[in-house]
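Student: Copying in the features that TrEMBL gives for the protein in this structure:
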| type | residues | note |
| --- | --- | --- |
| BINDING | 379, 381, 435 | Fe cation binding site |
| COMPBIAS | 19-43 | compositional bias 'Basic and acidic residues' |
| COMPBIAS | 237-249 | compositional bias 'Pro residues' |
| COMPBIAS | 256-266 | compositional bias 'Polar residues' |
| DOMAIN | 360-478 | domain 'Fe2OG dioxygenase' |
| REGION | 1-61 | region 'Disordered' |
| REGION | 196-297 | region 'Disordered' |
């Protein structure tokens, strides 16, 4: 009997075996590359399948997405528009850029004090100007911190919806308060009430919110669900201990908008023009069934699963339409801020597609929370009934590559480097343009958003931003001067 080979010393291969393995390895690499870039993305017809990818079918927008998605080699981020460059260098490098003075030559802080006033007195002239790109006819550090706190804490409370509401019974006070209590050692992970229960395990309210006030005292299971995840002012009541946080035994099914039930019919992606019909108001709005497979996580981990919050008119993600019967009060300070931005760019002599600030009403908004590996693939916003009003977008935290294309993916997009404090206004044809975020750039968090020994209250926000980017975008849904029921409320920012 021959001596068995040691497990640490494989038997030697012949030349023929080595060639076979090399050919198989090359084939595996080709199949992996084809799978990564298989055209199963939104809007593409047909499936990819294994084998060598037909790169001739890639659109220019897709080529740009793949370029910035690549980890090896690292993309050349200098190809993106960087508005922090010196003016002369920026305009020389990008001849299609045009620098225009804001309306009246005023500073942004004169349009709204929410932009903040620079304390160092440096670079004041940069606040007087905006930049236009012919292909697509900032905040102070303290002001950024104020808005970041609002996005994470104040605006994430009910009645504003998040992606977590579909599967978790999130308390009305929001998730951030729970996270803050544990972070500041006001509560420990030994306290069952800091864990947000699964909605499927609590009750049958698949299409509603969990409320802190919906106890009737008769249904013990309902009582447990409504009390979980909040602090009791009169002390916690005895209740069964919820399951301890454990990793799931099997990979959880994709939650939220990935697998809505039933799946809405995908709309055909066509270029949008002034004559393009609006989204039908009677589009069925089926909410996804709550999943019993989502994990029970500590607040610090669950907060990283929060992908979006909707403001004002609540957006129905599966059908990509608005719930016009669900209109949450819009934060007053964001109404003022977005209107100030529109006022700053309404000069008809400088801007080709001005929009009257008097006509602009902030009616809906989305806060997108990106972790470092997240991305937003190319898409078009088609749901607003008013396609002429500007979309105002604010960036905070890590920098990203933002691709702004045309009415189809066949037009090569312009890559833009969006950094913390940048404001992007999409108006005119840009409102119907494909756009996306293929890359969050690591290690780009500004120093003024990192932990500060002189401001210990900021530490919890700095900890979150160490691996995140926040985007706040505000829209007008209805045509101007059309009556709506939009209400506003002043939210204290802490």
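Heads up, the Cβ atoms here are built off N, Cα and C, so glycines get one too.
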Student: DSSP says what for the domain 'Fe2OG dioxygenase' (360-478): how many helix, strand, coil residues?
Tutor: 18 helix, 47 strand, 54 coil
Student: Note down the number of other Cβ atoms within 10 Å of the Cβ of residue 379 (Fe cation binding site), including every protein chain shown.
Tutor: 14
Student: Compute the mean position of the Cβ atoms of 379, 381, 435, which form the recorded Fe cation site, and then list in sequence order the other residues of that chain whose Cβ is within 8 Å of it.
Tutor: 378, 380, 433, 434, 436
Student: Around residue 381 (Fe cation binding site), how many other C-beta atoms are within 10 angstroms of its C-beta?
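Tutor: If we count other Cβ atoms within 10 Å of residue 381 (Fe cation binding site), we arrive at 18.
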Student: Take the domain 'Fe2OG dioxygenase' (360-478) and average the pLDDT across it for me.
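Tutor: A mean pLDDT of 94 is what the predicted model shows over the domain 'Fe2OG dioxygenase' (360-478).
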Student: Tell me the Cβ neighbour count for residue 435 (Fe cation binding site), meaning other Cβ atoms within 10 Å of its Cβ, over all protein chains shown.
Tutor: 25
